[in-house]
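Engineer: This is the structure, below, for whatever I ask next.
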């Protein structure tokens, strides 16, 4: 099931219809600036670390905690340090990860698939973790990218506040834009703690999203082969 990505900004028109020649790969509603560059600019105004720690202290007081007790004295600092790690993707550039490619393909003309890349991200609605596996396939034209680069790409986008649909679309769009392959297939399966530990509390529920471009979008047989290779051997 191809994830239906709605316009991500208010007032933006719906995505353009697919080009019949299969040349319009990138979802029209995604601005390249949001998936090719670091999300935070070096000169972008930001709260100070002290202000961030004070915000954590305020939240602790809001839930009724005594922020002066021994066990919580260093909690604001620890939380801010954890945020630096969990959301480091805002300071990383996805395009740079994919820019180094190799031309020694010996005429290889089938798709390349990396499956079961584990990741943890945080939903933008409740800032709670969701985690699972990402599967990426692409069919190179002349050059291929190092296998670890696709895993790093997943990590960059996962280390930002996300929805699973947006994460899926960003990964596919970045691979399409930088590598210019014949097609890209991305599938993500994840469990969301905002659904499993709060609200309806349905533990074990898994959400699937996918995005197909180019030869994958236009050829259901290639989609089926991609899916069967993901499931093979499990």
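Cβ atoms are placed via backbone N, Cα and C, with glycine included.
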Engineer: Among 93, 194, which residue does Swiss-Prot annotate as binding Zn(2+) at the site that also has 123, 126?
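Structural biologist: Only hit among 93, 194 in Swiss-Prot's Zn(2+) site, alongside 123, 126: 194.
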Engineer: Taking every protein chain shown into account, which of the binding-site residues 123, 194 has the largest tally of Cβ atoms within 10 Å of its Cβ?
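Structural biologist: Most Cβ neighbours within 10 Å: 123.
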Engineer: Taking the center of the Cβ atoms of 123, 126, 194 at the recorded Zn(2+) site, which other residues in this chain have a Cβ no more than 8 Å from that point?
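Structural biologist: For the Zn(2+) site the neighbour list reads 122, 124, 125, 127, 128, 130, 192, 193, 195, 198.
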